[in-house]
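A.B. asks: Mind having a look at this structure? Questions to follow.
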Amino acid sequence: MGFLSPMHPCRPPTQRRMAAGNHSTVTEFILKGLTKRADLQLPLFLLFLGIYLVTIVGNLGMITLICLNSQLHTPMYYFLSNLSLMDLCYSSVITPKMLVNFVSEKNIISYAGCMSQLYFFLVFVIAECYMLTVMAYDRYVAICHPLLYNIIMSHHTCLLLVAVVYAIGLIGSTIETGLMLKLPYCEHLISHYFCDILPLMKLSCSSTYDVEMTVFFSAGFNIIVTSLTVLVSYTFILSSILGISTTEGRSKAFSTCSSHLAAVGMFYGSTAFMYLKPSTISSLTQENVASVFYTTVIPMLNPLIYSLRNKEVKAAVQKTLRGKLF
């Protein structure tokens, strides 16, 4: 996602310039993967294959369910269907290649393939960051301004918000991937299981300071804008919920937001651990665990989180199943 700390260690510029003068063009990279232990390759393959299958079924199921049931044709579920699409897409950018690597002797990825993986991963992760923010704003309008909800969150507004979210993802990814394309690489072993910015930057044989600072401020803008919007939205939401006189009303209002809060907490928590810290604080194993969590586990969990406590989704599932069975 590009939340890169400027404290990230790199080789001195003099050493990098010396290397840059002698390096040959890298045409492919080798992904180190999650582990070198041969006895763990098959169990990990089966584990992540299961996670990926659940991710596909869950997110495609959520999108299909929302499309087939007219009672779910509301702004909240329109945004949720796009969130499911993003989860499905960025998981599909990472997981299939990771599964192949578990059963391959050499985890090779071409230069073009690596940069393409980075580009599309960033598109959907940055877009998801802003989509969660849009969903927080939607809940704010629904709870704090219920009488104006249909006017504020009109069909045109929803389409515009989603278009802006994808545009931000495309622009952010283009900038960050473009910076990575300009770097010369003289090493080919990526200490990670996919092509991410931090591991790739370590392979450059020129100074990465300008790239680091550009990516850091770009990512800083993204995370500050989105996190502040979510924080402000839920501050007003909590204030409105506490002002509801009936216990039933408070419970219903809070239940509509609890799922989103859980998704926001998991996503921002894991990405912040990965990118908003000096790399010396955590080990490679800890970074891999955090990275696996937000690239593979969160896309699997989001459909479950939004459906388990949602009466409308449960009712839509029952209606769809009855329609198929009878």
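Backbone N, Cα and C define each Cβ position, glycine as well.
So Swiss-Prot says this about it:
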TOPO_DOM  1-45  topological domain 'Extracellular'
CARBOHYD  Asn22  N-linked glycosylation site
TRANSMEM  46-66  transmembrane segment
TOPO_DOM  67-77  topological domain 'Cytoplasmic'
TRANSMEM  78-100  transmembrane segment
TOPO_DOM  101-116  topological domain 'Extracellular'
DISULFID  Cys114-Cys195  disulfide bond
TRANSMEM  117-137  transmembrane segment
TOPO_DOM  138-150  topological domain 'Cytoplasmic'
TRANSMEM  151-171  transmembrane segment
TOPO_DOM  172-222  topological domain 'Extracellular'
TRANSMEM  223-243  transmembrane segment
TOPO_DOM  244-260  topological domain 'Cytoplasmic'
TRANSMEM  261-281  transmembrane segment
TOPO_DOM  282-287  topological domain 'Extracellular'
TRANSMEM  288-308  transmembrane segment
TOPO_DOM  309-326  topological domain 'Cytoplasmic'
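Describe each of these features in terms of where it is and what it packs against.
C.D. replies: Residues 135, 138-139, 142, 153, 158, 256, 312-313, 315-316, 319-320 of the same chain lie 6+ residues outside the topological domain 'Cytoplasmic' (67-77) yet bring a C-beta within less than 8 angstroms of a C-beta in it.
Within its own chain, the transmembrane segment (78-100) has Cβ neighbours under 8 Å at 31, 33-34, 45, 48-49, 51-52, 55-56, 58-60, 62-63, 66-67, 109, 117, 120-121, 123-125, 127-128, 131-132, 134-135, 138, 158, 161-162, 165, 193-194, 263, 295-296, 298-300, 302-303, 306, counting only residues six or more beyond its boundaries.
Cβ atoms under 8 Å from those of the topological domain 'Extracellular' (101-116) belong to residues 26-33, 41-42, 44-45, 48, 177, 180-181, 190, 193, 195, 200 of the same chain, restricted to positions at least 6 beyond its ends.
For Cys114 (disulfide bond), the same-chain residues that are 6 or more apart in sequence and have a Cβ closer than 8 Å to its Cβ are Phe29, Ile190, Cys195, Leu200.
Within the chain carrying the transmembrane segment (117-137), a Cβ under 8 angstroms from the stretch's Cβ atoms is held by residues 1-2, 76, 79-80, 82-83, 86-87, 89-90, 93-94, 97, 109, 161-162, 164-166, 168-170, 172-174, 176-177, 180, 194-197, 200, 222-223, 225-226, 229-230, 233-234, 260, 263-264, 267, 271, 295, all 6 or more beyond its ends.
Using a Cβ-Cβ cut-off under 8 Å and counting only residues 6 or more beyond its ends in the same chain, the topological domain 'Cytoplasmic' (138-150) has close neighbours at 75-76, 79, 233-234, 236-237, 240-241, 253, 256-257, 260.
Counting residues 6+ beyond its ends, the transmembrane segment (151-171) has Cβ neighbours under 8 Å at 75, 78-79, 82, 122-127, 130-131, 134, 138, 141-142, 145, 222 in the same chain.
Within the same chain, residues 3, 129-130, 132-133, 136-137, 139-140, 143-144, 250, 253-254, 257, 261, 264, 268, 272, 276 sit at least 6 positions outside the transmembrane segment (223-243) and bring their C-beta atoms closer than 8 Å to a C-beta of that stretch.
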A.B. asks: Using DSSP and three states only, what is Cys195 (disulfide bond)?
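C.D. replies: SS state of Cys195 (disulfide bond) = coil.
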A.B. asks: Give, as a single whole number between 0 and 100, the mean pLDDT over the topological domain 'Extracellular' (172-222).
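C.D. replies: Mean pLDDT, the topological domain 'Extracellular' (172-222): 87.
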